[in-house]
Amino acid sequence: MKNLTVLLKTIPLALLLFILLSLPTAAQADVTNKVNYTRDVIYQIVTDRFSDGDPSNNPTGAIYSQDCSDLHKYCGGDWQGIIDKINDGYLTDLGITAIWISQPVENVYALHPSGYTSYHGYWARDYKRTNPFYGDFSDFDRLMDTAHSNGIKVIMDFTPNHSSPALETDPSYAENGAVYNDGVLIGNYSNDPNNLFHHNGGTDFSSYEDSIYRNLYDLADYDLNNTVMDQYLKESIKLWLDKGIDGIRVDAVKHMSEGWQTSLMSDIYAHEPVFTFGEWFLGSGEVDPQNHHFANESGMSLLDFQFGQTIRDVLMDGSSNWYDFNEMIASTEEDYDEVIDQVTFIDNHDMSRFSFEQSSNRHTDIALAVLLTSRGVPTIYYGTEQYLTGGNDPENRKPMSDFDRTTNSYQIISTLASLRQNNPALGYGNTSERWINSDVYIYERSFGDSVVLTAVNSGDTSYTINNLNTSLPQGQYTDELQQLLDGNEITVNSNGAVDSFQLSANGVSVWQITEEHASPLIGHVGPMMGKHGNTVTITGEGFGDNEGSVLFDSDFSDVLSWSDTKIEVSVPDVTAGHYDISVVNAGDSQSPTYDKFEVLTGDQVSIRFAVNNATTSLGTNLYMVGNVNELGNWDPDQAIGPMFNQVMYQYPTWYYDISVPAEENLEYKFIKKDSSGNVVWESGNNHTYTTPATGTDTVLVDWQ
């Protein structure tokens with residue numbers, strides 16, 4: 001159906017009234033699609049700080065601050081408070097279709113020596129029990145039911161990197177990092193005969209390796225190469241998947257091995273596929289190729305710190321401009337295989353609030369408009385719509401100040417969240433810069449024949465916009481924001497040229513057309529990794545109501561369900577590797593391919609491979625390559641590494657934790673690569689190893 005604003009010029013009044021009364025305000029969010037969030041808007045909630053719906057479960061004593069004057073302590077927010085704000089329409093009217101809640105598991109009860117508490121949910125004690133200050137399992141079930149019945153998905157935070165604060169020399173420090181399995185002590189930090197934890201001191205963040213195998217600050221760091229810990233954490237997340245969660249945000253992914261996390265994702269996707277994204281913090285202007293590699297290879301998306309930091313630099317302090325922002329958009333589309341699955345934001349619990357005291361809220365409004373019309377999965381931090389202020393932790397975690405539905409930002413979010421549900425260009429479309437200078441950025445998102453054109457002026461003077469071209473068809477277009485940010489109408493000519501117009505100072509306009517696509521067009525595939533038999537969901541347009549077929553390259557997959565906009569299939573029994581997916585409708589019309597789905601050899605386990613006496617010259621690194629897809633299929637360009645040699649083992653012994661197929665007879669060798677790409681192979685026979693069905697292992701061999 002064409003954009004209503006284009007039709008207004010020609011429809012008789014009586015017919016127009018009928019259409020307005022019949023038209024839904026937004027497409028209903030599909031809570032059954034747990035792997036595609038590209039058209040959703042996530043609302044991040046620090047559970048303890050949002051709303052106290054049940055005072056009877058509040059803490060007592062030293063860990064509780066009743067008036068929340070001590071932001072390091074519990075303040076009383078709980079799941080009932082979230083339920084209440086769903087039921088009274090605050091979140092649904094805002095257009096929220098997913099909530100990201102604090103880790104729901106039981107956390108430590110002890111007061112940290114510095115006066116801190118576990119209100120934030122990141123100091124886990126027992127992953128198979130709830131945090132009683134948020135609620136019990138029946139409360140959690142009610143939260144899930146309430147959210148789902150209102151078209152809202154639920155994402156949980158998850159911390160498989162560490163338990164809680166601990167000191168090796170002081171068992172009385174907090175709770176000594178103790179971790180429990182449904183009430184039964186597994187172990188603690190200072191008495192660790194089963195080696196559940198790393199005991200390598202704290203990281204100085206000097207290298208990727210150092211940040212993985214040493215403690216993050218004073219947090220007891222799990223040894224994820226320990227089979228007990230590996231199985232406990234994987235069992236625990238399955239418990240919450242069985243409780244109905246729709247997504248997972250994984251904390252501190254930079255501080256765990258990619259190999260173990262890939263095995264975790266394989267486990268999740270085999271059990272209950274849900275959208276999963278991790279936190280890999282990047283500072284302002286920081287670009288990390290390892291970050292891109294992780295997002296492309298681990299099976300997990302990431303919080304898009306490049307997006308978040310750049311938009312803050314443009315609109316908070318002016319240290320960057322729209323040229324820098326556009327460059328970031330272009331480069332990340334190249335660097336991330338699935339850029340539309342990266343989770344975008346303007347602020348969160350680990351950085352200062354976007355709004356700050358004694359400043360205009362206008363740039364917050366502009367930032368929200370850009371966030372909600374850009375590629376990626378947009379996330380709103382609780383209270384941003386109320387212009388909450390605050391510096392770094394804990395000031396950025398103040399209690400929710402108000403639930404006012406009349407703020408400008410609330411209206412902007414509500415309007416654009418609805419547009420995101422209705423127009424697939426915002427979820428699936430590519431980004432094209434159409435007009436730019438330091439103050440002005442006009443960009444277009446398109447998918448099939450659906451188009452959204454957004455114009456932003458962050459400067460203090462208006463601009464005359466000449467020579468703007470667009471993919472919008474001929475017609476007049478009104479501002480979808482309805483002048484919330486001083487937008488205007490535009491006229492598009494038959495050749496795509498837009499008539500000259502004035503773009504207001506600190507103004508934003510959004511123009512759009514929504515067109516159904518007649519032939520099949522894939523917008524999203526999720527997850528993008530899986531073994532034979534796993535379920536994969538394909539969303540897009542023009543698939544038709546009658547069942548067609550889905551191809552992985554030229555191999556047919558079993559169709560589990562089919563509709564015009566969503567298909568579920570089973571990964572076919574094909575050789576492990578990367579495949580391009582296409583949809584063929586019942587009329588034999590075939591879609592363009594959706595590239596690089598990875599078929600795994602089978603279930604995955606994380607194994608530490610190590611090699612002694614591998615001496616190298618400066619600038620040369622060690623890699624591993626072998627006989628399965630997960631080891632590069634003997635292709636040195638796809639070898640795994642570079643390997644490590646500083647913490648768990650020291651040079652000339654090298655090691656790396658790698659996700660490999662379970663119960664598989666592996667053959668492999670180590671190779672040396674210099675900075676020019678020259679390769680030196682090991683001599684002798686291939687190393688051999690049969691992987692276990694579950695758990696972890698370490699394999700140590702000598703260089704040949």
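Keep in mind that glycine also has a Cβ here, set from the backbone N, Cα and C atoms.
Among the features that Swiss-Prot reports, active site, nucleophile is placed at D251, with the record citing similarity to another entry. A 10 Å cutoff on Cβ-Cβ distances gives D251 (active site, nucleophile) a total of 19 other Cβ atoms nearby, all chains included. Taken residue by residue with DSSP, D251 (active site, nucleophile) is part of neither helix nor strand, so it is coil.
There are 20 other CB atoms within 10 A of the CB of E279 (active site, proton donor), with all protein chains counted. In three-state terms derived from DSSP, E279 (active site, proton donor) belongs to neither a helical nor a strand segment and is classed as coil. Residues or ranges marked as active site, proton donor by Swiss-Prot on the basis of similarity to another entry: E279.
The annotation Ca(2+) 1 binding site is assigned in Swiss-Prot to D52, N57, N58, G76, D78 on the grounds of similarity to another entry. The Cβ of D78 (Ca(2+) 1 binding site) has 27 other Cβ atoms within 10 Å, all protein chains considered.
Annotation comment: Swiss-Prot describes Y122, W123, H162, N215, L216, Y217, D218, R249, K254, H255, H349, D393, R397 as substrate binding site, evidence class similarity to another entry. Non-local neighbourhood of H162 (substrate binding site): G177, N215, L216, L219, A220, D221, Y222, A252, each in the same chain, at least six residues away, with C-beta under 8 Å from its C-beta.
Sequence-distant neighbours of H255 (Ca(2+) 2 binding site) (same chain, 6+ residues apart, CB-CB distance under 8 A): N161, T203, S211, I212, L216, D221. The Ca(2+) 2 binding site annotation in Swiss-Prot covers N161, I212, D221, H255, and the record cites similarity to another entry as its basis.
The disulfide bond annotation in Swiss-Prot covers C68-C75 and is backed by similarity to another entry. Look at C68 (disulfide bond): DSSP puts it in coil. Contacts of C68 (disulfide bond) defined by a Cβ separation under 8 A and a same-chain sequence distance of 6+ are given as R49, C75, G76, K398, P399, in order along the sequence.
Annotated domain 'IPT/TIG' per Swiss-Prot: 520-598, in sequence order. Taking DSSP states H, G and I as helix and E and B as strand, the domain 'IPT/TIG' (520-598) has 0 helix, 45 strand, 34 coil.
The residues of the domain 'CBM20' (599-704), classed with DSSP into helix (H, G, I), strand (E, B) and coil, number 6 helix, 48 strand, 52 coil. Among the features that Swiss-Prot reports, domain 'CBM20' is placed at 599-704, with the record citing sequence analysis.
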Q) Among the binding-site residues N58, N161, which residue has its Cβ surrounded by the fewest other Cβ atoms within 10 Å? A) N58
Q | N58 (Ca(2+) 1 binding site): nearby binding-site residues from Y122, D218, R397, Cα cut-off 10 Å | A | none
Q. What other residues of the same chain, not counting N161, I212, D221, H255, have a CB atom within 8 A of the CB centroid of the Ca(2+) 2 site?
A. H162, H198, T203, S211, Y213, R214, N215, L216, Y222, A252, M256
Q. Which site among H349, R397 has the most other CB atoms no more than 10 Å from its CB, taking these as binding-site residues?
A. R397
Q: Measuring CB to CB from D52 (Ca(2+) 1 binding site), give everything in the same chain under 8 Å that is also at least six residues away in sequence.
A: N58, C75, G76, G77, D78, G81
Q: Restricting to the same chain and to sequence separations of six or more, state which residues have a Cβ under 8 Å from that of K254 (substrate binding site).
A: Y208, S211, I212, E279, W280, F281, N291, F294
